[in-house]
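Before anything else, here's the structure in question.
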Amino acid sequence: FPKKAVVFFEVEILDAKTKDKLCFLDKVEPNATIGEIKSMFHKSHPQWYPARQSIRLDPKGKSLKDEDVLQHLPVGTTATFYFRDLGAQISWVTVFLTEYTGPLVIYLMFYFRVPFIYAPKYDFTTSKHWVVHLACMCHSFHYVKRLLETLFVHRFSHGTMPLRNIFKNCTYYWGFAAWMAYYINHPLYTPPIYGEQQIRLALIIFLFCQIGNFSIHIALRNLRPPGSKTRKIPYPTKNPFTWIFLLVSCPNYTYELGSWLGFTVMTQCLPVAFFTLVGFIQMTVWAKGKHRSYLKEFRDYPPLRSPILPFIL
């Protein structure tokens with residue numbers, strides 16, 4: 001049988017803003033992916049490495065995925081794509097490690113009352129209230145857990161994010177850690193009004209939610225094989241902490257909220273309550289976005305689920 005002739009594509013890449021032609025690629029194979037086209041484009045424009053590129057079909061459209069195949073896209077044999085510069089990129093792992101190491105170190109500086117924070121007579125003194133020491137252990141545990149999860153548990157669907165995000169994220173996490181730590185470790189700090197009962201209840205809530213959060217992260221990790229970007233519907237596993245998946249799309253955020261509510265009750269500290277509120281608002285935005293994308297992507301998505309709070313939100 002005569003071999004079927006391969007129809008090669010011609011690809012032109014225009015600037016999404018100015019519509020200037022940036023690159024013309026001749027004889028591109030039909031099974032080439034957007035990721036491969038980005039690599040070809042990078043050869044002619046070394047300043048724009050693949051992670052920095054957004055390639056789209058329409059100047060104001062959505063970015064195409066790296067795994068999208070040329071011949072499966074709604075383009076002719078002469079394909080026109082539009083390029084946008086996403087700016088300098090940084091890996092998610094680097095961002096997470098930086099934003100989580102800061103609160104851990106900053107909080108401990110206040111806990112040990114290093115000089116120039118409180119009055120000189122309090123330098124390197126320790127609090128007489130056991131809740132202050134417990135709060136330090138809980139706060140440190142939380143961020144050590146996050147660091148270990150970043151290194152050994154999380155699988156990121158996107159390798160990078162804009163460099164500017166690291167400054168925004170660090171300002172948020174580091175700033176709140178300093179504000180909370182200043183008041184909790186202050187020499188004039190007063191323990192919660194209901195004493196030991198309040199602290200013990202809060203500790204149970206905190207630890208329960210930390211275990212729950214970790215359980216969800218493990219369940220989500222097991223959904224995605226190493227090196228893949230495939231997305232599946234998360235379902236409850238044998239672990240009882242994952243059964244909340246029956247009612248909520250993003251239980252990792254539900255448990256995270258619970259942890260910080262527990263920490264708020266434990267310390268009875270206004271800056272902690274404010275951090276919890278701001279975090280809840282941000283996590284609700286993320287949860288709603290993820291919930292919407294689940295509904296859009298999976299026609300058989302469980303209808304009972306809410307984004308973050310069962311039956312409410």
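In case you wondered, yes, glycine gets a Cβ from its N, Cα and C as well.
The domain 'TECR-like N-terminal' annotation in TrEMBL covers 9-85. The annotation transmembrane segment is assigned in TrEMBL to 90-112, 171-189, 201-220, 240-255, 261-286. Annotated domain '3-oxo-5-alpha-steroid 4-dehydrogenase C-terminal' per TrEMBL: 160-313, in sequence order.
Provide an account of the burial state, proximal residues and distances for the features listed.
For the domain '3-oxo-5-alpha-steroid 4-dehydrogenase C-terminal' (160-313), the mean pLDDT of the prediction comes to 93.
Outside the transmembrane segment (261-286), and at least 6 residues removed from its termini, the chain residues within Cβ reach (under 8 Å) are 131, 134-135, 138-139, 176, 179-180, 182-184, 189, 191-193, 198-199, 201-209, 250, 253, 307-308, 313.
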